[in-house]
Amino acid sequence: MSAVEPRTPRVDFGYTTGTLRGGFFSFRLPVRVVAVSAVLALVAAALGIVALTLGDYPLSVAEVVRTIGGGGERFHRLVVLEWRMPVVLAALVFGAVLGVGGAIFQSLTRNPLGSPDVIGFDAGSYTAVVVTILVLGTRDYASLAAAAIVGGILTAVVVYVLAYRRGVQGFRLIIVGIGVSAMLGSVNSYLITRADLQDAMAVGFWGAGSITRVTWTSLVPALVGFGLIVLAAAALAPSLRRLELGDDAAVTQGTRVGLARLALIVVGVATTALVTAAAGPLGFIALVAPQLARRLTRSPGVSLLGAAAMGATLLVSAHLLSLVVASAYRPVPVGLITVCVGGLYLIWLLVREARRQAATS
């Protein structure tokens, strides 16, 4: 009698899927999520090309496309490929990574407010970077990235411990995170007021969230880190989907709940930390992108792929808007644009949640 190898039962998540097979891999992908993500990626790419045309030396779309294709004048190649392309790529990649981080935490907390910037992990990374710059006097990306990750993880541990009451509920985690974020904000303000004027101005500009100073030298190391994050998130995506069904259902599917949740938290914190180290805090992208993507894809849960595509579209749109404002008035950091737009979305979301709770009570 031959032994029968146990098989993990298939779970119906409520949407049509297609199977992508290769030589050594096989993935089941929601058809609508893939289609919407592809459209968003095309929109983001188109907005990125438009952004490449704007600046002190304006270019036409045809000139930009010709330059990207390897033609064009030598000065056009310098402007497009060396000066503007790293900034646009940073907007696309940073937005996608923030969308993934927001999707992870909103899925874990089962709350649309559960994003790293609301919970306070963003503030922890920011505080660690401020300490590294003002106290230790270090500004290289490797040191800032390491400090941001450590600060984000320590903040996550503090928030988790303070919110733990026979388990961690999403709403309690958010409330505690908001309190910790406010406390860290006061620490940041104190450190900046005690710093030298030059350092304080540098940290203040960086803290506003700006990608205009990103160059190929600073972008390439960030891309390596983001690539590792994307691979880790893709590997943990099946566990995240099972956790959406509840801990008991996830256990029956063979998921080690505690280990999977810890790994997802580390990956989610790393998304915010690496972006914060490279460009400063870019608020509300992680909050808005997963929910907008969910509404477009009509999926019952938060999609990592859809959130990444929406995050890239939102941040490159904010970058394009900042360029338009700069040409008409004066330069503004992209973080200011994301905070203004995201703040309006947060107000709408809070009003919507309050009305829903009032209707059900």
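Placement of Cβ uses the backbone N, Cα and C atoms for every residue, glycine included.
TrEMBL labels come from automatic prediction, so no person has curated them.
Copied over from TrEMBL, here are the features:
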- 33-54: transmembrane segment (TRANSMEM)
- 87-106: transmembrane segment (TRANSMEM)
- 118-137: transmembrane segment (TRANSMEM)
- 144-164: transmembrane segment (TRANSMEM)
- 170-193: transmembrane segment (TRANSMEM)
- 214-237: transmembrane segment (TRANSMEM)
- 262-289: transmembrane segment (TRANSMEM)
- 301-326: transmembrane segment (TRANSMEM)
- 332-351: transmembrane segment (TRANSMEM)
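Beyond the ends of the transmembrane segment (262-289), by six or more residues, the same chain brings 90, 94-95, 97-105, 108, 112-113, 115-118, 121-123, 125-126, 129, 141, 144-145, 147-149, 151-153, 156, 160, 206-211, 214, 218-219, 222, 225-226, 229, 232-233, 236, 239-240, 243, 307-308, 310-311, 314-315, 333-335, 338-339, 341-343, 345-346 to within a C-beta distance below 8 angstroms of the stretch. Only pairs six or more apart in sequence are counted, and the transmembrane segment (33-54) with the transmembrane segment (118-137) gives fewer than three Cβ pairs under 8 Å, not enough to call it a contact. Of the candidate ranges 87-106, 118-137, 144-164, 301-326, 332-351, 87-106 contributes the most Cβ pairs within a distance under 8 Å of the transmembrane segment (214-237). Across 87-106, 118-137, 144-164, 332-351, stretch 87-106 shows the highest tally of CB pairs under 8 A with the transmembrane segment (301-326).
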